[in-house]
Structures are given as C-alpha cells and as structure tokens.
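A.B. asks: From TrEMBL, for reference:
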type     : residues : note
DOMAIN   : 6-149    : domain 'DUF1468'
TRANSMEM : 38-57    : transmembrane segment
TRANSMEM : 78-95    : transmembrane segment
TRANSMEM : 101-119  : transmembrane segment
TRANSMEM : 126-146  : transmembrane segment
Amino acid sequence: MRPNLLVGVVSVLIGATYTAQAFMLPKAMVGNPWAPLYFPIGLGLLMIALGTLLIVLEVRKAVKGVDDYKRPKFTASSIKLIAGTSAACVTYALIFEDLGFIPSSFLFLGSLLSMINGLKAWKINGVITLGFTFGAWFTFVKIFQINLP
C-alpha cells in the first residue's frame, strides 16, 4: 500500500470520528445554540475532504502506474525522536491543568527543541521557547481576552 494512501484513509477515519464526536458537544444556552459546534464540525469535515482528496490522488497515480514514492527509512535517531515527541505530548497533556499554560508550555517546547536542535543550541532554544510561550499567552489573554489555565 502506498504510504500516502494509508495517510488518506487514516485522515478520513479520524475526521469522521471527530465530526461524529463534535455533534455530541453541548449546545450553547445563549445565542445561536450551534455556534460552539461550527469549528469542530468544520475541522472534521475538512479532515475528511483532504483525506478523500489524498486517496483520490494516490489511486490515480496507482492506476497510471506512477511509482514516485519512497518508503521512509527509520533510523535509531528518528525512532528516538518520534518516541521523545510522543512522550513530551503525553506529559504536556498530563501537566497542563496542574501547572498551567506558561510553565507546561515552556517545558514542552523546551523539551521538543532540545530533542530537535540538541542541548548545544540551548540559547536559541530558550529564546524561541520564551518568545512563543509568552507570545501565545499575550495573544490569548491580552488580545482575545481568553483566560488560560
């Protein structure tokens, strides 16, 4: 199976599940009851549409006999990066409520950048981590007036 075809199928399945779950979200008590559902439903439908497009494009290539894909070669370093990123995401999800946005985001981004750039690039990693964390906080809290945990 072509790798992009598999990605398309998985995208359609995740999009369908996400859209179905979005319809189960509570409706607003004030104003338009469907307003809180528009974005999640739209996102799910977009995932379905893009996954379907990817499937169609890959099936066309397979029918024409185009063999232009390369199988990814996983090395020990790439597997280590995938595992580290997955662990950082799970840890971020677990500590977010307890620590709040700023400390948990700082730790999450710092760990990701350290895995990608290495510990020798600690200065640039720190600047990017601080800039993004406080930039996102400022955007949500000060501009959009959305309180973060």
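Glycine residues also receive a Cβ, built from the backbone N, Cα and C atoms like all the rest.
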A.B. asks: What same-chain residues lie close to the transmembrane segment (78-95): Cβ under 8 Å, and 6 or more beyond its ends?
C.D. replies: 104-105, 107-108, 111-112, 115-116
A.B. asks: Residues sitting near the transmembrane segment (101-119): Cβ under 8 Å, six or more positions beyond its termini, same chain?
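C.D. replies: For the transmembrane segment (101-119), the nonlocal Cβ contacts are 81, 84-85, 88-89, 91-92, 95, 125-126, 128-130, 132-134, 136-137, 148-149.
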A.B. asks: What parts of the chain pack near the transmembrane segment (126-146), using Cβ distances under 8 Å and only residues at least 6 beyond its ends?
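C.D. replies: Long-range Cβ neighbours of the transmembrane segment (126-146): 101-102, 105-106, 109-110, 113.
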A.B. asks: Just to confirm my parser: what is the rounded mean pLDDT across the domain 'DUF1468' (6-149)?
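C.D. replies: Residues in the domain 'DUF1468' (6-149) carry a mean pLDDT of 92 in this prediction.
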